[in-house]
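Q: Sharing a structure below in structure tokens format, with a few things to ask.
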Amino acid sequence: MTAQTLAPAGTSTEVPAGAGRPPRFNWARARETSANQLFLVPVALVFVVLLVVPLTQTFYWSFTDFTGYSADVNFVGLSNYRKVLTDPSMLAGLGFTLAFTIGTALLITTFAIPLAVVLNKKFFGRNFVRSVFFFPAIPSIAILGLVWGYILSPLGSGVLNSVLETLFHAGPYPWLSDDTLARLSVIVVAVWGGTGWHSMLYLAYLQSIPADYYEVATIDGASARQQFFHITLPLLTPAVVISNFLLMTGGLKVFDLPYTLTKGGPGFATYTITQSIITSGVAQGRYGLASALATLFAFAVGLVAVAQLWVSRRIERRVL
Amino acid sequence: MTKRRTLAALAAIALALPLAACGGSGGSGGSNSGKLTFFSWDGEDTMKPVIAKFEQENPGIKVEFSNAPPVPEYISTLQSRILSGTAADVFAIAAENKTNLINGKHVVDLRDKPYLKNVPKFNQTTYSGPDGAVYGLSVASWGAGVLYNKDLLAKVGATTIPQTWDEFLALCHKLKDAGVTPYLESVQGMSTPLAAFLGAENQTTGDTMDKKIFDGSAKFKDYWVEPLTQWSRLWTEGLVTRSAVGLTGDQVRQEFVTGKAAMMIAGPWDIPGIRKAAPKLKIEMAPVPGIAGGKPYLAGAASPGYAINSKAKNPEAADKFLAFLATPEAMAIYQKATGAITVTSDFQPTIDPALSPIVKDVRAGNVYLPQIAWKRAEDILNVEATAQLQLLVQGKATPEQVANALDTKLASTS
């Protein structure tokens, strides 16, 4: 929103008398604009202090042998970057990080949209049901990880294994002890935790779709399925863009859920890039190396985000 | 208009204030001669009575206490405080940060201090530098071994604790045949039996095993393959489910207290929780039985030590505080709060009877933990070792492959 649209009529927007002369500098408008822009200062400060400064420092440290204990560092050129790209354990988490990101983005989107459509209908206890689905977004993911650790315990006494044994005489299954099952379990828990939150996002967009469209479609004889695919889904495209942008960036940075569920194991099966950055930086005092990995990773995430936005905008433009 | 601008400016300042507050987060600060700052990894409940007694005996000194839970939170908080010059006068030096603290000259040499006189050589050596200087006052040690449910053992006629690994595995077979889960351990870190096997082997080599590995005259595969092979018999002989690779320490303890597992890996910290959850359980802890040629041994290490900041604002008070912490009086309060196996020679700790078989060895320093004995790249090797051990349990790596992976990792860090 610009200052002009905020300006009261009769002051800044009127054409001054004596048109033809170069317009005089409008002090009143400038004062108004500067007063409004003052409100941006705190946000800008927060942005600079919490984002720009640390990012710049990380970039600087990536060229040094910084250990985290002394600011007295030596410049080591590109050796940290060389090490990151040649040491397989530094990139051990790349595969699962990508699988987690794509898996959660696809599954959450697939489940959240139909859920939002259902939650948008009128039925008894609707608000309660909405709260239940939103609940997993409230506690910290780390706590959810610990709770799910008990549910998915690979022993026969684990909650899920006990249920399967009682109902189907099946199992016990090594949910967190087998590479594939552990990866799937982490993704499933993330989907369980994220679907409710994202469905609320879709719900907000759904509520802005005019009811007239559906009324007209019903009169024209469109089925519920046709209405969903030809009205609801296209008009939800902006929400899909935002939701997937958040899911992709959040997924690439994931740390807390896999760490609390499996600590990255078994082996390196659920190891993530962020875990690698934290382990090498904090635990091993190799901040220089961790900074190089973080810089490369931030750059890669940025590229993915920009590419995703570009593709999404094109789809949005074609659909809407 | 002026009013509006003033209002905007005020709002901006108000919103920016929390930021300013963040920037100025305190540490020691000030040159108050009667104030001593102390950053601990023990909680306030544990340290408060000790501090109260110290303040009572030293009326001129007021201790400003802060703490962070171990391990990553403590390490990173101390790290940022040291970097910003706001670290406390006294803080804990641990296995995880000792190399950085000593190499960065952030801690004071205590070797000539009279209060080290009652501390065993083992605890002093753990926090000493290459020049023989001692940088931490470590007043306790811990040892981990096998905890036995004696009732379940009695069910299969076992009345004595196994002394050899073969006897231990035979007992596992008996328990399994009787329908009891014989043994469980969490493999989300260094394995306790493996550490114990290596500790026994290290002792037979005159404490030279790791020295040789790190000076290049030997390799991990020279010492590790046989202990790894013996340890993996738990899985290759089908005694323990390979699913145990995904278990946490809490889940293992839960199986033990509910009487589902007869034996588990435990340390002194497990005992209070087990006593509370299952007061009637007959338990006993013992060193890990020895493999061929080795005697029963414990995994373990010296507990974190108290260190004096080399830039302490009040070094005299810090010195007094450390001297107090080593007294029998302070030990008694600390030991009561933690149940720790304290090691100072002039104080005899009162320990849970279940730990009796290990107390002597722990106090004598007959314990071993690879990641503490390693000379460098400790955490890098530990992360690699943990992942490789998990692959071994899953049957996806052989003992030779695990040892080779550690040799490769060590070579990559030089």
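Placed from the backbone N, Cα and C atoms, the Cβ positions cover glycine too.
Just so you know, TrEMBL annotations are computer predictions that nobody has curated.
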Q: If you look at how TrEMBL annotates this chain, which of A:1-20, A:161-180 comes out as region 'Disordered'?
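A: Region 'Disordered', as annotated by TrEMBL, spans A:1-20.
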Q: Would the transmembrane segment (A:131-151) count as touching the transmembrane segment (A:38-60), if touching means at least three Cβ pairs under 8 Å and pairs must be 6 or more apart in sequence?
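A: No, these stretches are not in contact.
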Q: State the non-local partners of the transmembrane segment (A:289-311) in its own chain: residues 6+ outside its ends, Cβ under 8 Å from one of its Cβ atoms.
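A: Here the qualifying positions are 55, 58-59, 61-63, 66, 80-81, 83-84, 90, 241, 244-245, 248-249, 252-253, 273-274, 276-278, 280-281.
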